Amino acid sequence: MESTVDGLTIRRPRYNVSAESASGYRREAGVREEKKPRQRDAGFGAAVPVLLLLYVLSVRGLVHISLRQLVTPGGHSTGFNASTAREYLQQITSIDSRTAGSPENEIIAVNYLLGKIKDIEEKINSVHRITVDVQRPTGTFSIDFLGGFTSYYDNITNIAVKLEPEHRAEHAVLANCHFDTVANTPGASDDAVSCAVMLEILGSLSSSSKPLKHAIIFLFNGAEENILQGSHGFITQHPWAKMVRAFINLEAAGVGGKELVFQTGPENPWLVQAYASAAVHPFASVVAQEVFQSGIIPSDTDFRIYRDFGNIPGIDLAFIENGYIYHTKYDTWDRILTESIQRAGDNILGVLHYLATSSQLAESSQFRHGNMVFFDVCGLFVLSYPARLGTIINYITAAVTLFYISKKMIKYKQGGTNYVRDLVYGLIITLVSWVSALVTVLIIAVLVSLAGKALSWYTHFYVSIFLYGSAAVAKFILVHSLAKTYFFAGASSQYLGDLFFDISLITWCIPLVLLTQSGLCSAYFFAAWIIFPLLTKLLLQPDIIHQGSPYKFTAVYLLGLFPPYLHTMYHVWAVFEMFTPILGRSGTEIPPDIVLGFLIIACTIILITYFISFIYLLKSTKKIIVTLAVLSVLTLLLVCSGMFFPYSSSNDSPKPKRIFLQHTTRTFHSLTGEVVKRDSGIWINGFDYTGISYVTPHIPELNETVRAPCDDAPLCGFPWYFPVHHLIRKNWYLPAPPAPINEHTDFKLVSREEMSWGATRLFFEVKGPSHMTVYVRPNTNTVLSSWSLGDGIPVASGETDYFIFYSHGLYAPAWKFWIELKNSAKESKGIVTVAVGSHYFFGDSRNSPDLETLELKFPDWSFPSSWVCTYDLYEY
């Protein structure tokens, strides 16, 4: 058939719709056709989209309220006093940056903690006993974090406090925090507040007249920021480690807010049940657990160490709000609300007491098997059930959906309507709308990135909603509106509304089955999106569906969507609260606008799927499409004009740009030991996609002419502190005189031994600052077969290089290690290149006049973290 629109002739497909589907009511075979009821073919009015918008905003408001639950300090009978914990927090952070190995960390912070523990011990109730042990372990291990590297530590500091019944205990639960910080930061949220909470919990429990059944070990670990060294030292070497049956790890990926349970287990479902029973203000998600364990978040915690090296199950909690100032100078005690401390203290105290008085702790091996589906409901309570039960529920849900769809197929077939064809076409149209919206958003993201305006939403998150969210929704509506006009012409609005409701069921049934089949507990998420809407549809009275007021129908329909919609919006908040700040420190190679565009598309698809049927019920969608398109285009123009600056120096809510400044002296030695190259300068790394484009106007000498070259040397010839060179490929090297260093690193080959099995073993000795990194690159035809580190099997950090992270406490002897290489051919140029990076984070050598001068030039919306380092390369 043909129609004329604005002078254009449009040929529509020959698509015959039965009279039954056109009129919008059904007639079963063999049943007398009833009088045609009043239809809604005229379509819903313009007020319905407004109602949908108000619905979305109302749900978002409820989520906001649930996340801002105020907890009055001392207002609960848990026994936890947030005011006391806050005093501890303030005093701990008054100690300067507590880098492992520094006097601030190894002496001042340790003495402070020991003093407070002694004060608590003096007030202990006679039913308890406290034992304190200061551990200074030495050890080594390999980890596959950040591409894989090996760690070695010497004489670091842990403080372990055991609270147990008067007559001792055989089993224990471990509570872990760390009091060290990354360089140049006060580390209030990461992780001083957790240590303050643990001190107050220790005081509360030890003064209680209620005896414990099991011991609680409070571990204040002093080297977590050295990539989990402190926890490894405890769990592999401390005699109390054998007592531990479960642990709670307290961490941070943000500053303040609610602490999220984002990892549990492995297996041991009784731990989830313990949290669900004892946490006063729960905040937990199995979805967060499976996202974190997928590795897409570039972070790790002590949970991994206790799980992998101690074979102990546990609970991992972290503050996730305001990650913009995580690991910056803005992570100060005054930014953490007392209510946040109270909430965390109530939860952790409750769970620790529950575990320490539970019979399950001693017999945990009997309850080991199986995973749990768990999630909190707006912070009110935790809903949890065994994963095997979840599997049954999921498959039953899928089967009921299949039965429902099959029944409709039979009914429509008897009535002469080709429902199966419509269903297939509808699924294709839905997929086309998804792909079309994704392509549109990616095109916009690429344009923004090419225009040099990436991260424009970093400080103004609403910009991303207007820019990408509006475009996505407009494209969804446009595709379905075109399908309604030119593909489903002649079909009744009620029939199409029902059809796309069924398509929504099928849409979520597919991931439900796939995730369940993969053993992922997150599948419950999609089960909820099927169960509640389907139940509502089945319970709706036919007169409401076919004859009732559009607003009555809409209200009842939205009421059925409310549980999954609220739960999804709750998770959507968590996704953007976590990932938006991460995109400001994810390196120079990942376009953040493209990643955010993907996230917005994914969340929009989930939130809008059950609204698609309204497109087919509305009289017109033209104004909605135009409004959304104009909003997106206008936002794009404002973004490209530079209207929205990415960073902020606001005192209330700073969102700084992160930059590393390393005053570096590089020395390259030949095979004979001669110095073949030496230079010095300030090596600059920006941790986000914008590089230094926003910094150059403030520091003209810092431009593309001083881009750092990638030398043919391990890790491009620069002293990387962590193996993140694959994430940050753009860096700058501003020439400067050598930094004054009081004590240079002494790196030497002690001996060389030819082994009977044809390998060459090189013995090294290193004496230097508390933090050093060694990079090993075997030459052509040479294989690094073993070494004296980790488990003896070398772990590569890339295709050719091996990364070793070394740290020591206040004092340590020279570090000795060996590597073994096998060479298949005689090489005149040697068999291996070894380089050592030395990092001076504290003391007289940590700064230089040139570094101070450059740092002062950086704008106030940036956070330059600076230190002095050296890079020495040797060939053997």
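These residue numbers are counts, starting from 1, taken along the chain as shown.
Cβ atoms are placed via backbone N, Cα and C, with glycine included.
Computed from a predicted structure; not experimentally measured.
Taken straight from Swiss-Prot:
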TOPO_DOM  1-42  topological domain 'Cytoplasmic'
TRANSMEM  43-63  transmembrane segment
TOPO_DOM  64-381  topological domain 'Lumenal'
CARBOHYD  ASN81  N-linked glycosylation site
CARBOHYD  ASN155  N-linked glycosylation site
DISULFID  CYS177-CYS195  disulfide bond
BINDING   HIS178, ASP190, GLU251  Zn(2+) 1 binding site
BINDING   ASP190, GLU225, HIS327  Zn(2+) 2 binding site
ACT_SITE  GLU224  active site, proton acceptor
TRANSMEM  382-404  transmembrane segment
TOPO_DOM  405-427  topological domain 'Cytoplasmic'
TRANSMEM  428-448  transmembrane segment
TOPO_DOM  449-462  topological domain 'Lumenal'
TRANSMEM  463-483  transmembrane segment
TOPO_DOM  484-494  topological domain 'Cytoplasmic'
TRANSMEM  495-515  transmembrane segment
TOPO_DOM  516-519  topological domain 'Lumenal'
TRANSMEM  520-540  transmembrane segment
TOPO_DOM  541-555  topological domain 'Cytoplasmic'
TRANSMEM  556-576  transmembrane segment
TOPO_DOM  577-593  topological domain 'Lumenal'
TRANSMEM  594-614  transmembrane segment
TOPO_DOM  615-623  topological domain 'Cytoplasmic'
TRANSMEM  624-644  transmembrane segment
TOPO_DOM  645-876  topological domain 'Lumenal'
CARBOHYD  ASN703  N-linked glycosylation site
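Apart from the site residues ASP190, GLU225, HIS327, the chain places the Cβ of THR181, VAL182, THR185, GLY187, ASP191, ALA252, TYR326, ASP331 no farther than 8 Å from the centroid of the site's Cβ atoms, the recorded Zn(2+) 2 location. HIS178 (Zn(2+) 1 binding site) sits 6 Å from GLU224 (active site, proton acceptor), taking the Cα positions as reference. Taking the mean position of the Cβ atoms of HIS178, ASP190, GLU251 as the Zn(2+) 1 site, the remaining same-chain residues with a Cβ inside 8 Å of that point are CYS177, GLY187, ASP191, SER194, GLU224, GLU225, LEU250, ALA252, THR301, ALA318. Long-range Cβ contacts of the transmembrane segment (463-483) within its own chain (Cβ-Cβ under 8 Å, at least 6 residues beyond either end) map to 429, 432-434, 436-438, 440-441, 444-445, 448, 456-457, 500, 596-597, 600-601, 604, 608, 612, 615-616, 621-622, 624-625, 628-629, 631-632, 635-636, 639, 644. Taking residue pairs at least 6 apart in sequence, the transmembrane segment (43-63) and the transmembrane segment (520-540) share fewer than three C-beta contacts under 8 angstroms. Here the transmembrane segment (43-63) sits against the transmembrane segment (556-576); at least 3 CB pairs are under 8 Å, leaving out pairs fewer than 6 apart in sequence. The list of residues near the topological domain 'Lumenal' (449-462) in space but at least 6 beyond its ends in sequence, with Cβ under 8 angstroms from a Cβ of it, reads 324, 576, 580, 583-584, 591-594, 596, 639-640, 642, 644-648, 655, 688-690, 693. Per-stretch counts of Cβ pairs under 8 Å to the transmembrane segment (428-448) identify 594-614 as the leading one among 382-404, 495-515, 556-576, 594-614. Cβ atoms under 8 Å from those of the transmembrane segment (594-614) belong to residues 44, 48-49, 52, 56, 430, 434, 437-438, 441-442, 444-446, 449, 457, 464-465, 468-469, 472-473, 476, 480, 496-501, 503-504, 507-508, 529, 533, 554, 561, 565, 568-569, 572, 575-576, 579-580, 583, 586 of the same chain, restricted to positions at least 6 beyond its ends. Sequence-distant neighbours of GLU225 (Zn(2+) 2 binding site) (same chain, six or more apart, CB under 8 Å from its CB) are THR99, ALA100, HIS178, ASP180, THR181, VAL182, listed in sequence order.
Using DSSP to sort the residues of the topological domain 'Lumenal' (449-462) gives these counts of helix, strand and coil: 4 helix, 0 strand, 10 coil. Spacing of ASP190 (Zn(2+) 1 binding site) relative to HIS327 (Zn(2+) 2 binding site) is 7 Å (Cα to Cα, whole number). Look at the topological domain 'Lumenal' (516-519): DSSP puts its residues at 2 helix, 0 strand, 2 coil. Around the Cβ of HIS178 (Zn(2+) 1 binding site), 32 further Cβ atoms fall within 10 Å across all displayed protein chains. For the topological domain 'Lumenal' (449-462), the model's average pLDDT works out to 96.
Here the candidates are the recorded positions ASN81, CYS177, CYS195, GLU224, ASN703. The one whose C-alpha lies nearest to that of GLU251 (Zn(2+) 1 binding site) is CYS177. Long-range neighbours of the topological domain 'Cytoplasmic' (615-623) within the same chain, counting only residues 6 or more positions beyond its ends whose Cβ lies under 8 Å from a Cβ of the stretch, are 40, 42-46, 48-49, 477, 480-481, 484, 488, 493-494, 496-497, 499-500, 550.
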